[in-house]
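Among the features that TrEMBL reports, repeat 'PPR' is placed at 225-255, 259-293, 294-328, 329-363, 448-482, 483-517, 518-552, 588-622, 623-657, 658-692, 693-727, 728-762. Sequence annotations record features per position, and here TrEMBL assigns domain 'GHMP kinase N-terminal' to 861-929.
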Amino acid sequence: MALPKITEARNNLRKSIRPCALLSLLFTKNLSHTHRPICTKTHANIYDSSFHSDLTSITNGFISIFTKKPFSPHSPELNSLSPRLTTQVVESVLNCLKSWKIAHMFFTWASNQRGYKHNCYTYNAMASILSRARQIAPLRAIAMDIVNLRCSMSPGALGYLVRCLGSVGLFDEANVLFDQARMMGLCVPNDYSYNCLLEALSKSNSVDLIEMRMKEMHDYGWKFSKYTLTPVLQVYCNAGKFEKALSIFNDMNEREWVDMHVFSILVLSFSKWGEVDKAFELIERMEDHNIMLNEKTFRVLIHGFVKESRVDKALQLFDKMQQSGYYPDVSLYDVLIGGLCKIKELEKALHLFSEMKQLGIHPDVQVLTKLMTSFSEENKMFQLLEEMQEDIDEEAMSLLYNSVLNALVNNNSIDKAFLLLRAMMGDQSDADVVEHKLPRVKKAICPDTTSFSVVIDGLLKTGKLDSALNIFQHMKQIGCAPNIMIYKNLIDGLCNSNRLEESYELFREMKLSRFEPTRFTYNSIFGCLCRREDVVAALDLVKEMRVYGYEPYTKHSTLLVKGLCKHGRAVEACKFLASMVQEGFLLDIIPYSAAIDGLIKTQEVDRALELFRDICSRGYCPDVVAYNILISGLCKAKRVSEAEDILHEMEVKGLVPSVITYNLLVDGWCKNGDVDQAMLFLSRMFVEDRKPNVITYTTLMNGLCNAGRPDDALVLWNEMGREGCSPNNIAFMALIHGLCKCGRPDTALVYLHQMQEKEMEPDTFVYVALMSSFLCNLNLPLAFEILKEMAGKGNFPDPLDKNCLIVRDAVLKLSEDARTSSRVRNLIAEGRIPKICCSDVKDEVNIRLWKHALARQQAKGQGLTPVLEIVVSSAVPEGKGVSSSASVEVASMAAIAAAHDLALLCQKVENHVVGAPCGVMDQMTSACGEANKLLAMVCQPVEIVGLVQIPSHIQFWGVDSGIRHSMGGADY
């Protein structure tokens, strides 16, 4: 396309706008040289020397007055100059003023002068200043003034103003101004005006608007040029219209309109879309056309390629950039080294690092940090750290050491981080360097708060609380102020270790250091108090938390409630919740559910119901879990009808009962002896689309067997299979036990074999049930086969288990029957039946067993077991039920092993030697009791709660009933 010559005035204008906009600042060929250009210099006589001298004098006068402080709009000098105000003067003054504020003030003042009126060139001069200063509001006002004052404009002036608006994002204003100027007859736009509008709209990413203006331009008969299609390409690229962008590019390429700017638009878009290979291919095509990227585009592309993890292409582009004569700086090396470190190309990263140093580019801390923290081998990281100690200043070195400390902590090398921190303070020994392969610190680097924070945090995470506290004290000694994170983490560590007093001390210190404790810190202490079940202290703390507006964590309140309930203090838990409400805290439903569960476990079902009704009346909406807890409690209390009412209430409130809910009611009706009602709930589950699970079927089969309906149980078993519900261990064992209870051991045996075929291991309970049922049916041979299988697997009940007595009776019966006697005695002789299970077999069997045991012991070369005789003197009456045997055991054991857990050892003697299946209560009393005190304890698990002093006015007396007490015969 033939282009007219650009006048000197136009060249001046080109200097005042951004370089990227110069591509569009060309006049169309139908504009004659007599047309006024869009620049601010307007008439030929501007070059007359006398006129120019006068214009300069007036301009300088206005500039002097408006830049003088304070400015006075009524000064005599200004009044004398105002009659000489012209549009040429206004343009000249505006172009000379450096401050947009002063320029705008002058422009506004001129607007109000009698006999003066702005023209399109003065408006454009002011618009240019405001667009460069990005002053959107006054620029928008200028666009409105032009229309409101019906200021005529040339096509070039209109295009220039549109571009000014577009450069600051006033796309709608540019679009409206263009239409209004045309419709009101203020301007007849030409192709240049349209090109300027397209350039402005290209920044809006509005594809529809661009395409509409292109069609409009075509309809008016204006031909498309390079400067028409370039903004169209830009908007397609910005909007991600890949195919349309390529179509425009190919069209421009055919017309030989593609230049560096056009190539850059497309290649940057390829990079933005993640099409790195296509972008690189396009760059090589540019080179074939002798079109090279500029420095800014090289940098943007390298960053984009690295972001897409295509460091290989970024490095190739980096080489092209250097070949083009552009010199990289530290920021470019930073992004490339960072990209290589990210993909673990450490050798290439080190090569770039060496190249930097050869070029005299000093690497900053970011580059070094990325390099060092990328090494999986700590030795290389330490080697690089040693090399850099002389090259960077102390502040940078401190940052570098902090990054190394952080890397060590992340690699779980906490001990090395701890030693390196000490080395930074000048406390490093040769032994530490050699043993732990640490870098040698050539000069002390004063660690900062970050250094200590990293190491303390690492020590706390690995449970080294005391080391963290030691570092904390050292930190304060060298005058390094702890931050709030250090206090927070240390207090939390102390609380988690149940070191409450120390955490309180640090908490007070934190406040004295003018750090306001955070919600997390308060909750750390609150959690410790809750774990201790210290209700009073916990309530005191939440009062303080309320002052700061902090909420206690629900998990801690729930933990306290559960702990209290676990120890039978459910009522106290309810009082705690009430106190929390009084303090103004709106608690979650979870701690209330825990309290309801605790009340139920202590048989306080009515109180649980009362609490449930109370929270509902206060606006709480209990969830399915809360309802399930209540339903479970009512079912266990055999108040199943009330539980069913709760289910109905639950459904009325819009909650959907879960399978667990139905299972609880099924279990409740079964245990209440109404299995038919339970079966109705099974049908209801199908209706409600709640698929029964294996627990549902197992509970019902157990209930049917308990009701003497084994055939119905077997029907249900088959239905369970048809519904796709696979039986588990518990289901098999429940069915087998139920069939045995109904006198159907032969059928039960079939299911035992099925269970074993599925590689499910039955427990002792199943074997005992089968053996007992066969014995009841007088089928002793099959009962023996079950015993034999038990012996083969070593599957016998624990001596404390009541089933142990059943097995012992079964062994005795089988040993007395002619069909099974010899085989039972063989099992006993072989030691395959525990002694506790055959202690009632006749004496001759015991003698034979003793001899057999001695023979085995001698065969092993162990000799005879040594015998110990002990004389015990006791004042505890024998056989009166006052722990006489336990007293003897404790006294004897105290003489043997005074340092051991006597009560538990004595219980073992009672169970395994004497053969009495007792608990540990008597032994605990004899071992730990004190005169005139009651012993509070929990037997399962063994736990001493404490001693209770008996008031002096209370005495206890034991009355001999005359009935002899025998532990061996009691049903424990």
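Using N, Cα and C of the backbone, Cβ positions are placed for all residues, glycine too.
Given the structure is predicted, the values throughout are model-derived calculations rather than measurements.
Through the fold, the repeat 'PPR' (588-622) approaches residues 554, 557-558, 560-562, 564-566, 568, 570-571, 573-574, 577, 629-630, 632-634, 636-637, 639, 653 of its own chain, all at least 6 residues removed from its boundaries and within a Cβ separation under 8 Å. Note on the repeat 'PPR' (483-517): mean pLDDT across this stretch is 93.
Tertiary proximity for the repeat 'PPR' (329-363) is limited to same-chain residues at least six positions away from its ends with a CB under 8 Å from its CB atoms, namely 299, 302-303, 306, 309, 311, 314-315, 318, 370-371, 373-375, 391-392. Beyond the ends of the repeat 'PPR' (658-692), by six or more residues, the same chain brings 624, 627-628, 631-632, 634-636, 638, 640, 643-644, 647, 650, 699-700, 702-704, 706-707, 709, 720, 723, 725 to within a C-beta distance below 8 angstroms of the stretch. Long-range neighbours of the repeat 'PPR' (259-293) within the same chain, counting only residues 6 or more positions beyond its ends whose Cβ lies under 8 Å from a Cβ of the stretch, are 20, 23, 226, 230, 233-234, 237-238, 240, 242, 245, 249, 252, 300-301, 304-305, 308, 310, 313, 316-317, 320-321, 324. When DSSP labels each residue, the repeat 'PPR' (588-622) comes out as 26 helix, 0 strand, 9 coil, counted as helix, strand and coil in that order.
Here the repeat 'PPR' (658-692) has, by DSSP, the following mix of helix, strand and coil residues: 26 helix, 0 strand, 9 coil.
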